[in-house]
């Protein structure tokens, strides 16, 4: 590194560059949404642990999805709330890299968990008689551990590639958290390798899993249409439509952010998209699963009646 360059030890997250009053309104709004995210996903976890009827592979995977959503919110939202009240408060380089690593880990893990959940629904609807034999607890545990491990390892690759780059100024990240693309813009070196790895990761963690989900639900759709019982068909549609809502929200916003041409999405618009992708999705997931899932609503009624 040249002698006239200064190593960056901290960054300033610019966030939403709006007036103080708008920041205050956003602080109140995002605080309420953050609270709802924690409560909603916490209720899902509580119901699954307390109600023995929900001790099935489907809800085992759902509990891990709730954990990921809580982790999402805890990783990005507190820093965003701090920046709304104190826009010039810096975040250390180490803290920034940690936030990037955790965000990517949770994002990758959620992608893989959604694939696992689609496979679970495929087995349950297309091979109901063999469901217990196929979806054993051993297999469920392996699938979940693999999802977490692959998500973390892939995020570690991204962070290691960032750490090899010099950062010598400027130190202002035009985002509300240390998002990987926004961080790379501040590097004082060519980031082509990082961009190639990000594109390859998108193919592996977004396009590939989305194709697997679509294949699973294509088979599920044909299987549902062949169900003779109207009640059985309704229950299958209800369960699968909840999962498809989550899949559509998550993969749709992620693909738009990382794979659509950047010229079509100005930086301020990208922030809004990331807000939806990393903040509102975790808040909406428990709402989708609770309102569209009769078993979860039944478990909630039973827990409330026993209080």
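Any Cβ shown, glycine's included, is placed from N, Cα and C.
Pulled from TrEMBL:
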type: TRANSMEM; residues: 20-47; note: transmembrane segment
type: DOMAIN; residues: 40-289; note: domain 'G-protein coupled receptors family 1 profile'
type: TRANSMEM; residues: 59-81; note: transmembrane segment
type: TRANSMEM; residues: 101-119; note: transmembrane segment
type: TRANSMEM; residues: 139-163; note: transmembrane segment
type: TRANSMEM; residues: 196-224; note: transmembrane segment
type: TRANSMEM; residues: 236-260; note: transmembrane segment
type: TRANSMEM; residues: 272-291; note: transmembrane segment
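Between the transmembrane segment (101-119) and the transmembrane segment (20-47), fewer than three CB pairs separated by 6 or more residues in sequence fall under 8 Å, so the two stretches do not touch. Among residues of the same chain six or more beyond the transmembrane segment (196-224), those with a C-beta under 8 A of the stretch's C-beta atoms are 107-108, 111-112, 114-115, 118-119, 121-122, 125-126, 154, 157-158, 161, 180-181, 233, 236-237, 240, 244, 247, 251, 254-255, 258-259. Relative to the transmembrane segment (59-81), the listed stretch 20-47 leads the set 20-47, 236-260, 272-291 in CB pairs under 8 A. In the predicted structure, the domain 'G-protein coupled receptors family 1 profile' (40-289) carries a mean pLDDT of 85.
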